[in-house]
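The transmembrane segment annotation in TrEMBL covers 6-23, 35-55, 61-83, 103-121, 127-146, 167-187, 193-212, 224-245, 281-308.
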Amino acid sequence: MQFFEIFKTTFSLFLLITVGYISRKKKIINDQATIDFSRFLLKILFPIYLFQAASSYMTRAYVFSAPIYFLVNFILLIILYFLSKPLTRFFHISPERESTFRLCSIMGNTGFFGMIFAASFYGPQGIVAATLYDFGGSIPFFLILLPSLFQRDHKGNIFAIFKEPNIIAVIFGMIIGILGLKIPDFFSPAFEMVSRITLPLALIMCGSQLAGIQTFAGHKYSQIWYLILIKMVLSPLILLGIVWFLPLEPLMKQFVILDAAMPTGISMVNFTKAFDKDTDFAAISIFSTTTVALLWLPVLMIGLSSLFS
């Protein structure tokens, strides 16, 4: 993939995010509309989109490699969880900010952003991989990160993951694909129309969500560069070491490494707010890593293409 082509596509993605950002700032899209459309995306459009991708790509041969995408993210988050503790001491992160710093440096936007990059550059196989990869991060997030970093018991939430429409859609799509069944031609145009509107709307809503994050001046935010280093450089390097010898196609190795470099997840600001942590720093983390991603992700993609060519 040529840098110009990658940057052109990436720039188009961020342009749609900008549309959502400006629309929210100008109050063309309000808070409730953002909530409603985001819920519509997550509960309706994304499941339809993922079902089509899973059913069209999944084969019996793919079943053996599918769990790898789940496991690599699971392992990565466990490694980052243990590494982030000494790193916060090395970077002199204050105890009041430590839990927020660690959470935002570990959890990436693998749902929205990961799915969008998978669809834009890696096709149906990448979409299935992105879903399984994202799912692999949910379990350590609820079982380990939240209880440990915020001293709260969230083990009950783990069962709700299996009721998520996205997970259900992928599982059913995978079963249909494994059985060799296909979506009837009569329904194909409807599925294609949903696919065409899902990603643009997701990007616009992502921008609107970013615009709704409140940030404040006067705090010590220079530490954000340490977080960017961990989230967007160290994370993909660790995953590179994990997947190097795994039986994955080179293109899929590129994708999961790229997915490890995704910006901080937007929902992290909600979790820090719920547990009365450093919400301002979480907001700055999301905004800064998303901005850096505009230039960094295309560069990383070029490097990975050369490495695995």
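Cβ coordinates are placed from backbone N, Cα and C, and glycine is handled just like the others.
Across the candidate stretches 35-55, 61-83, 167-187, 224-245, 281-308, the maximum count of CB pairs under 8 A to the transmembrane segment (193-212) is reached by 35-55.
Away from its own ends, the transmembrane segment (6-23) comes close to residues 29, 116-117, 120-121, 200, 203-211, 290, 294, 297-298, 301-302 of its chain (Cβ-Cβ under 8 Å, at least six residues beyond either end).
Against the transmembrane segment (224-245), stretch 281-308 shows more Cβ pairs under 8 Å than any other of 127-146, 167-187, 281-308. The stretches the transmembrane segment (127-146) and the transmembrane segment (281-308) are not in mutual contact, being linked by fewer than three Cβ pairs under 8 Å (pairs 6 or more apart in sequence).
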